[in-house]
Amino acid sequence: MSTPTQTSSRDFIAPIRRVFSSRDSHMTLILILAIAVATILIPRFSQPRTLTFLTLDVTATLLMALPMTLVMINADIDLSVASTAGLVSASFGVLVQSGVGFWASIAICLLVGLACGLVNAFMTAYVGLPALAVTIGTLALYRGLALVVIGDQSISDFPQWATSAVTGSFGSTGIPYMAIPVILFVILFWLLLHKTPYGRGLFALGYSKQAAEFVGIDTKRSRVISLTLSGLMAALAGIYWTLRYSAAKADNVEGLELVVIAAVVFGGVSVFGGRGSIWGSVCGVLTIGVLNYALRLNRIPEVILVLVTGLLLIGSVVAPSLVDAVRQRLAHRADARTPRVSVAPGAASA
């Protein structure tokens, strides 16, 4: 018989145990461990400028990972994000070079990204094609359009104040100006996914489309919003990338879609939908960013960076299945060891 003190102790410990057993807490610990190991093994990693370069490195990935989290939770995927960013980068350079105003060019480029997302959304939600097939096609289409727009030239005629605003930092703190809008976007997407009916509907849609429709969720609308947001945020990533490197090229941001997906899956988003979080994706992006930056500080070849990203992606997909299989096996063993009480034939009627 439990005493009131034992009961209150369990009531106090249970929420703490749930917090520390969550995927988000695990990802936070992994991120802290990665930073600690990098700081110990690489003395230069602890310098203030590391914070600047690391933040600038992960910004484009993070901007695309936030909407990718929504897309994958509802059991879709967007492989065209990097190509959308590349098309926007090419368009941005041509517009600025042609004399279109800076802010007008940004507005037009955001509309380009919005249109790219809407194409994916329409083909997926209304035509009924699989998101994987659609975005593989638009991956090639948008990259080809970028080549048509800008050709093989590189444009660097961007205002100095704009490039400085993107790459600058607050004095000697190492905190870049870009950290402020990035944090705001993280908060906005966290609120959208975890605190609104729309976000809860995404989890239901990813878990079971039929069940989501049965309870009255507009599944087409949900998919359109997430894929359109993906295109819009990819446009922001393309503009950021262009200003950071002060170069608009057709191959900008090429290949980054795999890093985005790897970070999101590593952060706990299920490839089958229905599970994930914004904070987990943020930790996934930052952890991969820390690993890549630490390897670059040690002058590790680029091919190793790609290999690490690929291994993380494979491990993130395989590990949950292995853990579930081990748990089921242990549960079966526990059931097998539990002694079964036999009942005498006449005991039940006695």
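Backbone N, Cα and C define each Cβ position, glycine as well.
Any TrEMBL annotation is an automated prediction that lacks curation.
Positions annotated as transmembrane segment by TrEMBL: 27-45, 51-72, 102-122, 129-150, 170-193, 224-243, 255-272, 279-297, 303-323.
Between the transmembrane segment (27-45) and the transmembrane segment (279-297) there are 3 or more Cβ pairs closer than 8 Å, counting only residues 6 or more apart in sequence, so the two stretches are in contact. In this chain, the transmembrane segment (51-72) lies in contact with the transmembrane segment (170-193); the count of Cβ pairs under 8 Å, excluding pairs fewer than 6 apart in sequence, is at least 3. The transmembrane segment (224-243) shares more Cβ pairs under 8 Å with 102-122 than with any other stretch in the list 51-72, 102-122, 255-272, 279-297.
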